[in-house]
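Engineer: Here's a structure for you.
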Amino acid sequence: MASRKLLLLPGDGIGPEAMAEVRKVIAFLNSDLNLGFETEEGLVGGCAYDAHGQAISDADMEKALAADAVLFGAVGGPKWDSVPYEVRPEAGLLRLRKDMQLYANLRPAICYPALAHSSSLKPEVIEGLDILILRELTGGVYFGEPKEIIDLGNGQKRGIDTQVYDTYEIERIADVAFELARTRRNKVTSMEKRNVMKSGVLWNQVVTARHKEKHADVQLEHMLADAGGMQLVRWPKQFDVILTDNLFGDLLSDVAAMLTGSLGMLPSASLGAADSKTGKRKALYEPVHGSAPDIAGKGIANPIAMIASLAMCLRYSFGLVAEADRLEAAIAGVLDDGIRTADIWSEGNTKVGTTEMGDAILAKFKALSA
């Protein structure tokens, strides 16, 4: 059996509660489906700072590099607001992304049928929505140099950020986009601002060339990023995979997430380069929601995003597509049954806590796996 090593990093706030529900699913995958997952655990974020004075220890970083995939909960909270900037809880996630060389961020936007009414858009606009935004994660304006504020000496200051992309950075993220599209509806929409940005001109040129060279079987269209934002709200179901840079991906993925009306229920994945020998990519999976310290420890957190992150892990790190499909179907089925945590509850549904929601999803998953 192939190695299936998972590192669990529950983190802070509601992270440990949500991760506890994922552990139940992994236990079933091993006991009943004999999939042989090996799990280790570590500390990240504020709890790691409390234990080690770092947002993630070197030892846990080594575990992450040795694992086939990392499942990450959430980090941060007011308890650590005054810690030094370089060891703030969020620095743990940034180090994971940097040391694991995770350059491709996958943000799905899925509308569960039972929650179509929760969107601010008309149900017919978002019913059946299933799009994937692929954001380049390690380049662009967030990392480009120079990045500084200059005192001009005349009472004025100048803020400088630099948008930089090299050909190889665009090629590798484009390859991921086309590969993902082949497993979906075979369409990529590349978004940039080539009309006003030289980096956008290069992005367009490189994606076009890469498509012609290696991925001509996939449909490709180009769209200016501002027009893309408008089209996401106008008719989002026209899209399959949206490929874009770090800045526009940051903006567009949050727009797409809110189309569903359930930002706190969505998973994400960050992938690195494929190993030349095994073809495996380093990968980290995490819910889009934060640590929600205001409800931590109360047993009311919604574990769906964390469980959906495990489904993404099964799909993209281990090729267990059927199992991922069933787990996602189990989530949808529980919502169809009217079971809700407090954050998505409405009159006429059944309000449950974290554990009850996790148990309901697991029961549905078991039934679908029988």
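Cβ atoms here come from the backbone N, Cα and C positions, even for glycine.
These numbers come from a predicted model, not from an experiment.
Pasting the relevant annotations from Swiss-Prot:
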type	residues	note
BINDING	77-90, 290-302	NAD(+) binding site
BINDING	R97, R107, R135, D226	substrate binding site
SITE	Y142	site 'Important for catalysis'
SITE	K193	site 'Important for catalysis'
BINDING	D226, D250, D254	Mg(2+) binding site
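Can you walk me through where each of these features ends up in the structure?
Structural biologist: The Cβ of D81 (NAD(+) binding site) has 10 neighbouring Cβ atoms from other residues within 10 Å, across all protein chains displayed.
With a 10 A radius on its CB, R107 (substrate binding site) counts 23 other CB atoms from all the protein chains.
Counting every protein chain shown, the Cβ of Y142 (site 'Important for catalysis') has 15 other Cβ atoms within 10 Å.
In the structure as shown, the Cβ atom of K193 (site 'Important for catalysis') sits within 10 Å of 20 other Cβ atoms.
Sequence-distant neighbours of D226 (substrate binding site): residues of the same chain at least 6 apart with a C-beta under 8 Å from its C-beta are K193.
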Engineer: What are the sequence-distant neighbours of G77 (NAD(+) binding site), meaning same chain, six or more residues apart, C-beta distance under 8 angstroms?
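Structural biologist: The list for G77 (NAD(+) binding site) reads D12, G13, G46, P89, S291, P293, A296, given in order along the sequence.
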Engineer: When a 10 Å sphere is centred on the Cβ of D250 (Mg(2+) binding site), how many other Cβ atoms does it contain?
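Structural biologist: For D250 (Mg(2+) binding site), the 10 Å Cβ neighbour count is 18.
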Engineer: How many other Cβ atoms sit within 10 Å of the Cβ of P89 (NAD(+) binding site)?
Structural biologist: 26
Engineer: Hey, does DSSP put R107 (substrate binding site) in a helix, a strand, or just coil?
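Structural biologist: Reduced to three states, the DSSP call for R107 (substrate binding site) is strand.
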Engineer: Among all protein chains shown, how many Cβ atoms are found within 10 Å of the Cβ of Y85 (NAD(+) binding site), not counting that one?
Structural biologist: 7
Engineer: Three states by DSSP: which one describes R135 (substrate binding site)?
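Structural biologist: The three-state answer is strand.
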Engineer: Closest of the binding-site residues to D254 (Mg(2+) binding site), Cα to Cα, picking from R97, R107, R135?
Structural biologist: R107
